[in-house]
Amino acid sequence: MERVRVTEGKTSFFAPVQDKNTQFPPGSAPIFYNPRMEANRDATVLFLSAVRPSEYLDAMGATGVRGLRVANETGTHTTINDIDPAAAAEIRANVKDLGLDAEVTCQDANALMSSRRFDCVDLDPFGTPAPFTDSGCRSARRFLCITATDTAPLCGAHLKAGMRRYWARPMNTEYHGEVGLRVLLGFAARQMIKYDRGIKPLFCFAHEHFIRLHLRVVPRVSAAEEARSRIGYILQCPHCFYRAEQAGMFPERRTCPRCGEVLSPVGPLWLGAINDPDLLEEMEARLPTMGLGTAAYLGRLLPLLRAELPTSSFYDYHRVAKRMRTSPPAMDVMLQRVQEAGYAATRTHYVGTGVKTGAPLEVVEAAVRGDVPDKRS
């Protein structure tokens, strides 16, 4: 196997060479390495540098780059696992080359997580994390991190696959990226609740082709109940932009107050906040010293996440303007108009034309037109 030395962050390691003529992912190399996930790994290194777990499991290591970087850049005691003996051998070679005190195991990930507990468990499979989430919930003491790259099923583009994997009904709406994140978060919460444990989302975001969750595990029945209260639905009109939130295990039958259509339930999914602003502020402060390759991206992302309202959807106001057959205003003007009408409004990290607000759709439409009454006067 041909290998090449690669550097991410402050870590230099060997990775297999990919055939440039073979479609990627998954590529042609016997061991998978995806350089396009560097931002995902940078986010994890930054997160772990702030929360400082006592031990960390990279449950599906492949080349081991995530675990190697965690061990090398945060000093966390790390276990890197992969079921493939060739991958495990490659990880051991990289551990030795870096002089790290890291454990390398070669087991089925579910079997390992069912037999051992770790302070922080990280699930980063190729595709869906659904088959590993239950054992991950049982293995994680304080922190659980999850990556999903099957964004089409999660976001509603492949509806049946999303329903099978996550036992939820996604919908391919204009805010489908947020739907995917909240369906995955709700799925993780439901897995954890079974064991009388709750979760607190700390640092969750969607970027390009993946969704990433960093969660705090709270081992109390009261925390499980709190998490259960956050599970619910977005009720979306199939013919206009109207939507409503509804907490609870079962969706209610409602009709759209604008056009009379029966609202379609999206979920079950997580309702409410998906980030901890205080932790994000600490991560922002640490970012300049970390030497991360995607620091510029993270430097833009973290303030956006910290400012985002906890509404469970957003309005793509360009799409609203298109349906109204008018030109959209600039983003700053749009936000100011909604705020002048007496409602909070922020940008969102999902898309550049997304507006997070609790304002009714009528106010959003009025802000697009420019005829919002100023309730501050």
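Note that Cβ sites are derived from N, Cα and C of the backbone, with glycine treated the same way.
Sequence-distant contacts of A109 (S-adenosyl-L-methionine binding site), defined by Cβ-Cβ distance under 8 angstroms and a gap of at least six in the same chain, are A59, M60, N81, I83, L123, P125, F132, S135. What TrEMBL records for R41, R66, D82, D108, A109 is S-adenosyl-L-methionine binding site.
For C237, C240, C256, C259, the entry in TrEMBL reads Zn(2+) binding site. In sequence order, C256, R258, C259, E261, L361 are the residues of the chain that are 6 or more apart from C240 (Zn(2+) binding site) and have a CB within less than 8 Å of its CB.
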Legend entry - Cα-Cα distance linking C237 (Zn(2+) binding site) and R41 (S-adenosyl-L-methionine binding site), given in Å to the nearest integer: 37
Legend entry - S-adenosyl-L-methionine site span - longest C-alpha distance across R41, R66, D82, D108, A109, in Å: 22
Inset, instruction - List, in sequence order, the residues of the same chain other than C237, C240, C256, C259 whose Cβ lies within 8 Å of the centroid of the Cβ atoms of the recorded Zn(2+) site. - result: P238, H239, F241, Y242, P257, R258, G260, E261, L263
Inset, instruction - Let me know how many other Cβ atoms fall within 10 Å of the Cβ of D108 (S-adenosyl-L-methionine binding site). - result: 13
Inset, instruction - May I ask which of the binding-site residues R66, D82, D108 is closest to C237 (Zn(2+) binding site) if we compare their C-alpha atoms? - result: R66
Inset, instruction - Give the number of CB atoms, excluding that of C259 (Zn(2+) binding site) itself, located within 10 Å of its CB. - result: 11
